[in-house]
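Chemist: Below is a structure I'd like to ask you about.
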Ligand SMILES: Nc1ncnc2c1ncn2[C@@H]1O[C@H](COP(=O)(O)OP(=O)(O)OP(=O)(O)O)[C@@H](O)[C@H]1O
């Protein structure tokens, strides 16, 4: 039985809040997502104080949705309608300022967005390593971690310092491994889940693009959140993107989502520069046997179908994972993966996009 958003909303609207209202009309339910019987949503408490006493309500909401026929799994997260998190005397988030709706950072020659349909396919890993490889090739590289809900670049670059803001307006980015780096994750405690509403998120993105002192850059890479949400839409509409790269694993489910990301870029008229297949296979370090753990050929087939280049096929590699966790991207070294990323960087430079 197919579960619909309406059925879930109807179940939630039968719950009563202490003031007699129901959570749907009181607008407490956010980010409601229903997919194959799996329901996820956020209960947004009006204040941090209220959030402390709303756990029983969250549990009741979860139970009510679990009782909807066809629901297999429910996950409800309780969050407070947080005030805009404070950067060093800077107010992050907030609505976009209409007078400044273009978001092109001055002094940046090329802006390339790196997206994926599905989470966890290695988009951030590819972005960090490509940034390092381009920097090693002599390019002036910036990397913006726009994955506001799951920023990982600070960890991948081993930076924990907060960016300074001497005048409370501009933000001085950090530099790590030759890359100028900015992430919303650098402005917030690492363990803080950021659940922002669309307009606040867009305000933060605008600040990241226009208030960060990126300086003169040959290329700014943007590590997008997975999927096709507000960030992609805003960047596609308000930034002159040179192009986008889509990362996918060969797995069918990843490729199905990657196609959606490709469609979204097409409808935003953002040129797709190519696809990158990550975790394409695993080569046994002892016997050399190649196992296609996530399947084979799917990304290449899609690239061919769309007439796009497959820019790289990167294997599952232990050093890649260890380097990411240790804050030293594998592209800094001189092993096979560093060579693969150097080739990718070179291909982009030869192609004239950087
Ligand atoms: N080629 C690879 N070989 C081994 N491990 C990898 C590889 N690529 C990525 N990983 C590991 O997979 C995990 C997920 O990667 P990553 O965070 O880059 O994915 P993502 O698509 O950016 O995810 P998110 O949706 O959270 O943004 C990380 O632990 C990373 O180190």
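Any Cβ shown, glycine's included, is placed from N, Cα and C.
Fair warning: this is a prediction, and the values are worked out from it, not measured in the lab.
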Chemist: Among 66-85, 86-105, 106-125, indicate the range for which TrEMBL gives the feature region 'Disordered'.
Modeler: 86-105
Chemist: Return the members of 117, 118, 119, 124 (the binding-site residues) with CB less than 6 angstroms from at least one atom of ligand 1, or none.
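Modeler: So the answer is 119, 124.
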Chemist: What counts of helix, strand and coil residues does DSSP assign across the domain 'MIP18 family-like' (6-75)?
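Modeler: Helix/strand/coil tally for the domain 'MIP18 family-like' (6-75): 26 helix, 18 strand, 26 coil.
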Chemist: In DSSP terms, helix, strand or coil for residue 119 (ATP binding site)?
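Modeler: It is coil.
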Chemist: Test of understanding: give the count of other CB atoms lying within 10 angstroms of the CB of residue 119 (ATP binding site).
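Modeler: Residue 119 (ATP binding site): 15 neighbouring Cβ atoms within 10 Å.
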Chemist: Enter the number of other CB atoms within 10 angstroms of the CB of residue 120 (ATP binding site).
Modeler: 12
Chemist: To which of the binding-site residues 122, 123 does the lowest count of other Cβ atoms within 10 Å belong?
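Modeler: Per-residue Cβ counts within 10 Å for the binding-site residues 122, 123 bottom out at 122.
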Chemist: If you count Cβ atoms within 10 Å of the Cβ of residue 118 (ATP binding site), leaving out that atom itself, what do you get?
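Modeler: Counting Cβ neighbours of residue 118 (ATP binding site) within 10 Å gives 20.
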